[in-house]
Each structure stands twice: as C-alpha cells, then as structure tokens.
Amino acid sequence: MEMKVLSKLWISASQTLANTGLLRRSCYNTGGWSIPRVSAELIAHLHPPVPEFVDRDCVFPFVYGDVTHYNCISIHSDYDWCSLDTEFQGRWRYCTGQDPPKCSFPFFFKQKIFHHCTKEGYIFNRSWCSLTKNYNRDRKWKQCSPQNF
C-alpha cells in the first residue's frame, strides 16, 4: 500500500515537472516498483541548503526597489530582512530583535536640535526620536525604548 502511494506521488511529480528538466527519465528498481531517479537540481530545490547566519549589521537607511527604507522590510519575504549595503546589491540577512534602526542624534525638529529622545510633538506623551538628522525634511521616526535608543 505504502509503495503504491509513493509511486503515485512520483508519477504526479513526474507529470508536474516533466517540462522543467528537473526530473530525469532514468529509473531504479525497488522490489518490483520502478521509482524515477530525481536529479540533483530537484533535490536542491526540495531541500535548499541552510543559509549561513551573516554576522553583519543591517545598514539603515538602505535603498531597495527605488525606495529608501529606514527599518527592516518583508517585501518578497515572509520574514523581515535588511540590506547589508546602502544600495541593495543582493547582500541581505534576516532581521533580529537587535536590528531596529537606531535614533540619529542630534536631530533637527521644528526649530530645535535634540540630543536625546523627546516627548515634544507626540500627542500620546511618549518619547520618540528621528531616524535621520532632519526630521522636518524626512519625517522618519520611531518610538524610543525605555533605554532611550
């Protein structure tokens, strides 16, 4: 019974992948059942190598898709990621809890220069900071953590 199910799965896979070139036409015999041999490309596709953890800092801001990003993004991914270059060059890594963008001090807001997080201008009475040197121009900000960074 188990071999019949396995055989049906291989037949289905063969039909699905027939035009991709990922499935070879040669077979091997296992107790009377012929199971197609799978090319290395299909095996690599089904079991991709585990990527190494890149021990480099995310670069903020970074440009991806003609848009400047000031924090981790999930574009084309199920998980947040960041670029390792100011202009995305294909080098990236998944984000961790240590990767949120950092405040940019000092920063200019309204007519003042701030050297630490401020509650000024935030209606919820929470501290915030700018992610760029000039909040008035860029309007990029984040809430400050209890440690004010």
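Numbers run from 1 along the shown chain.
Backbone N, Cα and C atoms are what each Cβ position is placed from, and that goes for glycine too.
Automated prediction, rather than curation, is the source of TrEMBL annotations.
Taken from TrEMBL, the feature domain 'Fibronectin type-II' covers 53-97 (among others). DSSP assignment over the domain 'Fibronectin type-II' (53-97) gives 0 helix, 14 strand, 31 coil.
Annotation comment: TrEMBL describes 98-146 (among others) as domain 'Fibronectin type-II'.
Summarising the environment of Cys129 (disulfide bond), the number of other Cβ atoms within 10 Å of its Cβ, over all protein chains shown, is 23. For Cys103-Cys129 (among others), the entry in TrEMBL reads disulfide bond.
If you look up TrEMBL, you'll see Cys117-Cys144 (among others) marked as disulfide bond. In sequence order, Cys103, Cys117, Arg126, Ser127, Trp128, Cys129 are the residues near Cys144 (disulfide bond), counting only same-chain partners six or more apart with C-beta under 8 A.
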